[in-house]
Structure formats: C-alpha cells, structure tokens
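Engineer: My questions all concern the structure below.
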Amino acid sequence: MASAMLIVVLLAMASSVVLASDPSPLQDFCVADKASPVLVNGFVCKNPMDVNAEDFFFSGLNKPGNTNNRLGSNVTAVDVNKIAGLNTLGISLARIDFAPYGLNPPHTHPRATEVLTVIEGTLHVGFVTSNPQNRLIFKVLNAGDVFVFPEGLIHFQFNRGHKNAVAIAGLSSQNPGVITVANAVFGSNPKIDESVLAKAFQVDKKVIDYLQSQFWMDNNN
C-alpha cells in the first residue's frame with residue numbers, strides 16, 4: 001500500500017513539473033517592481049498598496065505595426081515589460097501584422113506555447129518537430145482560425161495573400177522570449193566560426209560569409 005502511494009505521489013510530482021511553465025502566483029497579484037535592484041526569476045513585487053489600474057493596462061493594440069521592412073512583418077509584444085501586472089501570471093500576447101507576402105520567420109519561444117488566432121487575411125503557418133523526425137506540421141489559416149505552436153519548437157507564419165493580414169497570439173509565459181533562427185545562427189555576436197556553419201549546412205564558406213555579413217549588419221545596426 002505504501003509503495004503504491006509513493007508511486008502516486010511521485011507521478012503527481014512529475015506531472016506538476018511537466019505542466020509547470022512560469023511559477024504560479026502565491027497571492028492575488030505581484031506587479032513587477034522594475035526599479036528594484038534585486039535580481040530574481042522574474043521581477044520583485046511592487047508594494048500592493050502602490051498598485052493601480054495602470055499596472056494592468058496597455059493601450060494601442062488596435063494600431064497596425066510598421067511592416068515596411070525586409071520581412072514585411074511586425075510583432076507588437078505585450079508581455080511583462082509592457083504590463084507590469086503580468087508578473088507571475090504566466091501569460092502574454094502579441095499582435096502580428098503582415099504586409100502582402102510578409103513573413104514572421106522561423107523562430108522559437110523557449111519559454112512558451114503559442115496559440116495564434118487569425119483576425120484578418122490568410123496565413124500559411126507551421127512548426128517542425130524535434131530530431132530525428134523533423135516533421136513539418138503546417139496548415140493554411142483564414143480569419144477566425146486558431147493554431148497552436150508547442151513550446152520550444154521552430155515555427156513560422158507567412159502571408160500568402162495579396163492583402164494585409166493580422167493575427168493575435170497568446171503565449172503561456174509573462175516573458176516567452178524569442179529566438180529567430182537565421183538571426184541567431186548567422187547574426188550572432190561574436191560570429192560563429194564560418195567553418196562550423198559551413199560544415200553544419202554543407203555549403204561553401206563564401207555562402208556563410210555572405211549570410212553572416214547580411215545578418216550581422218541587421219543585428220548590430
């Protein structure tokens with residue numbers, strides 16, 4: 001009986017670890033005190049008596065982002081850095097604007113699952129599973145459609161239409177983070193040795209030199 005109970009407890013503990021993302025709050029709220037010099041996993045709580053409605057508020061998500069760039073897309077993130085009241089709540093969101101044929105390039109969120117809802121237009125979206133399968137799961141979405149990108153997996157969104165597109169993404173972290181694959185690999189500072197990348201991608205070093213020069217300039221301007 002004791003052995004069975006121990007197994008149940010261990011399974012319960014394992015499940016809690018698997019399900020955990022951001023730490024759960026232990027009070028009604030913990031508004032981020034960004035002026036505090038104390039370093040913790042997240043932000044120190046502001047004195048609850050100093051909290052007001054502005055700590056839970058953001059305005060402007062109705063405004064289109066500027067898509068006049070090489071990718072033709074713009075992400076307006078609303079995370080704990082924009083709304084201090086999101087601290088410890090394990091959630092954030094973003095508005096993504098796409099010009100015709102605009103791309104939100106392959107990237108990952110190391111700390112969050114993403115739920116994407118298309119508000120306007122048509123998007124070709126997908127994610128790639130981990131090694132060794134590296135299977136591409138993809139779908140074409142129209143206004144009102146919803147798609148989930150599992151935590152940590154490389155994913156993308158592409159506007160395959162002739163008109164602008166808009167999507168809203170919910171993320172399961174107050175600070176999901178983002179790693180754009182091409183920027184990280186070819187635009188790192190300092191640069192990854194070209195021999196490493198040439199071997200990894202099985203291309204000539206001249207190709208790597210060109211890509212690094214392009215992405216390095218973009219990342220460091």
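Backbone N, Cα and C atoms are what each Cβ position is placed from, and that goes for glycine too.
As annotated in TrEMBL:
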- 1-20: signal peptide (SIGNAL)
- Cys30-Cys45: disulfide bond (DISULFID)
- 59-209: domain 'Cupin type-1' (DOMAIN)
- Asn104, His109, Glu114: oxalate binding site (BINDING)
- His107, His109, Glu114, His155: Mn(2+) binding site (BINDING)
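A description of the local structural setting of each listed feature is requested, covering burial, neighbours and distances.
Structural biologist: The C-beta environment of Asn104 (oxalate binding site), restricted to residues of the same chain at least 6 apart in sequence and closer than 8 Å, consists of Leu71, Ser73, Val75, Ile96, Phe98, Phe156, Gln157, Phe158.
The Cβ of Glu114 (oxalate binding site) lies under 8 Å from the Cβ of Val148, Phe149, His155, Ala169, Gly170, Leu171, Ser172, Pro176, each of which sits 6+ residues away along the same chain.
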Engineer: Rounded to the nearest angstrom, how far is the Cα of His107 (Mn(2+) binding site) from the Cα of Cys30 (disulfide bond)?
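Structural biologist: Spelling it out, the Cα of Cys30 (disulfide bond) and the Cα of His107 (Mn(2+) binding site) are 30 Å apart.
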Engineer: Measuring Cα to Cα, how many Å separate His107 (Mn(2+) binding site) from Cys45 (disulfide bond)?
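Structural biologist: Between the Cα atoms of His107 (Mn(2+) binding site) and Cys45 (disulfide bond), the distance comes to 31 Å.
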Engineer: So what's the average pLDDT for the domain 'Cupin type-1' (59-209)?
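Structural biologist: For the domain 'Cupin type-1' (59-209), the model's average pLDDT rounds to 97.
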Engineer: Would you list the other residues of this chain near oxalate - those whose C-beta lies within 8 angstroms of the C-beta centroid of Asn104, His109, Glu114 - in sequence order?
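Structural biologist: Sorted by sequence, the hits are Ala94, His107, Thr108, Ala112, Leu116, Phe149, His155, Gln157, Ala169, Leu171, Pro176, Val178.
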